[in-house]
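Read through the structure below, which is laid out as structure tokens, and then see the notes.
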Amino acid sequence: MKTLLLTLVVVTIVCLDLGYTRRCFNQQSSEPQTNKSCPPGENSCYNKQWRDHRGTIIERGCGCPQVKSGIKLTCCQSDDCNN
């Protein structure tokens with residue numbers, strides 16, 4: 001009986017899919033490469049590039065933000081796709 005109950009609990013956990021989250025790189029161009037899990041429901045990663053007095057700046061993270069003109073934005077929907 002205990003084995004049956006344990007089996008049902010395991011099957012329930014597997015079937016519920018305990019919440020997959022997207023993983024994206026999340027560093028600025030001057031920082032070491034890191035990635036993180038995005039908040040639940042956030043299914044996109046972005047790579048944002050622009051130029052200023054320091055040169056080309058690259059920012060990466062979760063989501064797909066609105067940007068001003070002159071900023072190159074690439075959004076994607078797979079893990080670590082924004083490198």
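Each Cβ is built from the backbone N, Cα and C atoms, and glycine gets one as well.
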Cysteine from Cys45, Cys64 that Swiss-Prot links to Cys24 by a disulfide bond: Cys45
Entry from the disulfide-bonded residues list Cys38, Cys45, Cys62, Cys64, Cys81 having the most other CB atoms no farther than 10 A: Cys45
For Cys81 (disulfide bond), the close disulfide-bonded residues (Cα within 10 Å) drawn from Cys24, Cys38, Cys64, Cys75 turn out to be Cys24, Cys75
